[in-house]
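Copied from Swiss-Prot, the annotated features are:
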{"type": "DOMAIN", "residues": "5-246", "note": "domain 'ABC transporter'"}
{"type": "BINDING", "residues": "Gly37, Pro38, Ser39, Gly40, Cys41, Gly42, Lys43, Ser44", "note": "ATP binding site"}
Amino acid sequence: MSTILTTENLSLFYGKKEALKGINIDFDDKGITALIGPSGCGKSTFLRCLNRMNDLIPNVTITGEVNFNGHNIYAPTTDTVQLRKEIGMVFQQPNPFPFSIYENVIYGLRLAGVHDKERLDAAVEKSLKQAAIWDEVKDRLHANALSLSGGQQQRVCIARVLAVEPDIILLDEATSALDPISSRMIEETLLNLRQDYTIITVTHNMQQASRISDRTAFFLNGELIEVNDTKQIFMNPVKQETNDYISGRFG
């Protein structure tokens, strides 16, 4: 399988504090990778490095490279708006904009200068179907997205990312604020998307990681301890630290 994203000796500092320590990892083109580890281990910080969301935080220094389709995204010539279209992100708390479901989904397309109504209509239907929420909202596309339940809002946020046709979808604990039924629906959505997208998800939920991911990476104290096929990580990890975390000895 080909590689779509690679980090090389990636480190991040908040002031003088080193939060990520020389991370080297490859991500396959298509499929789901789960990033696991205890709170404060660096997994969410790492995730935000992958589409330069940490640029928005003051006093952050990043060294090393993140290569996306062979291009270092930290090169001065990188268009970060285009980058975040190609590598989209879904956050922990559902964050629909305070306007209609329809306008939420096409927000990125409008920013990109798309105004053709047929194209926008088609993108809305396709994206909402991919996010497994079309049947629930197709008759009220012009209702305010904030009127939806938390789980529905999160699927609209996924549809908003999908509408601009990204290559990679990043999810930062995208189900942790949801009830179990809504979480399961998001999981099923991700499983349906894994054939067409590279999905990288941060999760504290060990069962979720084992259910949905193809590969799992374990972070601890800013270091990547181990990355492997998910079955291997959960059934026969190589590193003692991984085994201790998986078996609940800390975290």
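In case you wondered, yes, glycine gets a Cβ from its N, Cα and C as well.
In the three-state DSSP assignment, the secondary structure recorded for Ser44 (ATP binding site) is helix. In this structure, Pro38 is the one among the binding-site residues Gly37, Pro38, Ser44 with the smallest number of other Cβ atoms inside 10 Å of its Cβ.
Counted within 10 Å of its Cβ, the other Cβ atoms near Lys43 (ATP binding site) come to 27, all protein chains included. Listed in chain order, the extra residues whose Cβ falls within 8 Å of the Cβ center of the ATP site residues Gly37, Pro38, Ser39, Gly40, Cys41, Gly42, Lys43, Ser44 are Thr45, Phe219, Leu220. Listed binding-site residues: Ser39, Cys41; maximum Cβ neighbour count within 10 Å falls on Cys41. Taken residue by residue with DSSP, Pro38 (ATP binding site) is part of neither helix nor strand, so it is coil. Each of the binding-site residues Gly40, Gly42 was scored by how many other Cβ atoms lie within 10 Å of its Cβ, and the smallest score goes to Gly40.
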